[in-house]
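Here's the structure, in structure tokens; my notes come after.
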Amino acid sequence: MATVFERVVTATGEKPAFAPGDRVKVGTRSPIGHYRVPQYLRGQTGEVLKVIEPSLIDNEEEGYGRNAGNRRHYYRISVPMPSLWPGYEGSPRDELQIEVYETWLERAA
Amino acid sequence: MIPETSPSDHDHDHDHAHDDHAPVVEGRPGYYDMMETAVRELFIEKGLITAGDIRRQIEVLDSRSPALGAAVVAKAWTDAAFRSRLLENGRRACEELGISFYDDTDLIVLENTETVHNLIVCTLCSCYPRPVLGLPPDWYKLKPYRSRAVVEPRKVLAEFGTVIPEDVEIRVSDSTATVRFLVLPCRPEGTDGWSEDRLASLVTRDAMIGVIPVTLPQEASR
């Protein structure tokens with residue numbers, strides 16, 4: 001029997017969708033505006049290292065003065081350098097670590 | 001964009017001698033200089049901020065320098081409990097020491113080890129751990145470093161004289177929004193028993209960006 005605490009229902013987006021170890025793919029969208037996802041990262045697949053807590057004001061929205069309630073989960077992910085850059089010279093274990101907002105991530109296989 | 005011109009803009013295919021002692025003559029302000037002045041004056045005129053607020057903020061920025069970061073690193077080298085708190089939550093550990101995060105950024109401290117070397121960059125602009133290091137060097141803000149650090153970090157490091165062995169993993173951290181990074185370099189050998197102050201004197205800005213290791217003075221001059 002679930003306790004009263006276990007029956008608490010959280011609002012949409014209140015809990016992070018991804019956890020450390022999850023494989024995620026960065027969106028390939030190209031919206032116009034203040035976006036904090038470098039072009040080289042779009043479409044890439046990586047692994048979640050950490051959920052940055054607490055959730056943060058989405059500065060992609062804040063850049064236009066729309067910051068009321070726009071808190072977003074923010075993740076530190078790692079991407080192997082050789083998968084980012086074909087012909088990468090260096091150790092195959094070299095990697096990029098970068099933070100991405102949840103709105104840009106989808107679950108990858 | 002308004003072209004930037006000044007009285008000193010001229011070709012150098014003439015033969016007059018320049019006077020090295022002439023006072024610096026500032027030309028017409030550039031486009032962004034004028035925009036900054038206009039926005040600043042408007043904000044003050046509308047009572048959103050005061051001239052004193054701006055002066056105070058400059059004082060805040062001027063009070064931050066690599067000496068703060070060096071003190072943090074030296075403390076982490078000598079105090080294991082602080083080191084683990086620093087790696088767990090960089091901002092909170094720095095706040096313990098009295099370093100405020102006036103820009104409301106977070107701080108992830110990246111530990112260099114025998115098997116991992118960290119390098120920090122901001123490919124989108126010039127995000128930098130200003131609360132603990134002050135203003136970034138010019139090269140950190142310029143395109144060549146920003147674009148190459150993520151693509152060919154080993155070549156970039158080699159240009160700083162830092163050759164990372166193949167069996168050491170390179171981790172490049174690219175700042176995108178509210179998280180900043182500080183590299184915790186490896187403590188050099190031969191520093192057993194050194195005081196925090198003496199250790200801090202070895203730690204340079206570039207080592208905390210991750211482009212060089214921390215070395216003893218005699219090693220650096222070799």
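In case you wondered, yes, glycine gets a Cβ from its N, Cα and C as well.
Curation plays no part in TrEMBL annotations; they are all automatic predictions.
Noted in TrEMBL for the protein shown:
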REGION    B:1-26  region 'Disordered'
COMPBIAS  B:7-23  compositional bias 'Basic and acidic residues'
DOMAIN    B:33-211  domain 'Nitrile hydratase alpha/Thiocyanate hydrolase gamma'
BINDING   B:Cys122, B:Cys125, B:Ser126, B:Cys127  Fe(3+) binding site
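Here the binding-site residues are B:Cys122, B:Cys125, B:Ser126, B:Cys127, and the one whose Cβ sees the fewest other Cβ atoms within 10 Å is B:Cys125. In sequence order, B:Thr123, B:Leu124, B:Tyr128, B:Pro136, B:Lys141, B:Arg146, B:Ser175 are the same-chain residues whose CB sits within 8 A of the CB centroid of B:Cys122, B:Cys125, B:Ser126, B:Cys127, the residues recorded for Fe(3+) being left out. In the three-state DSSP reading, B:Cys125 (Fe(3+) binding site) counts as coil.
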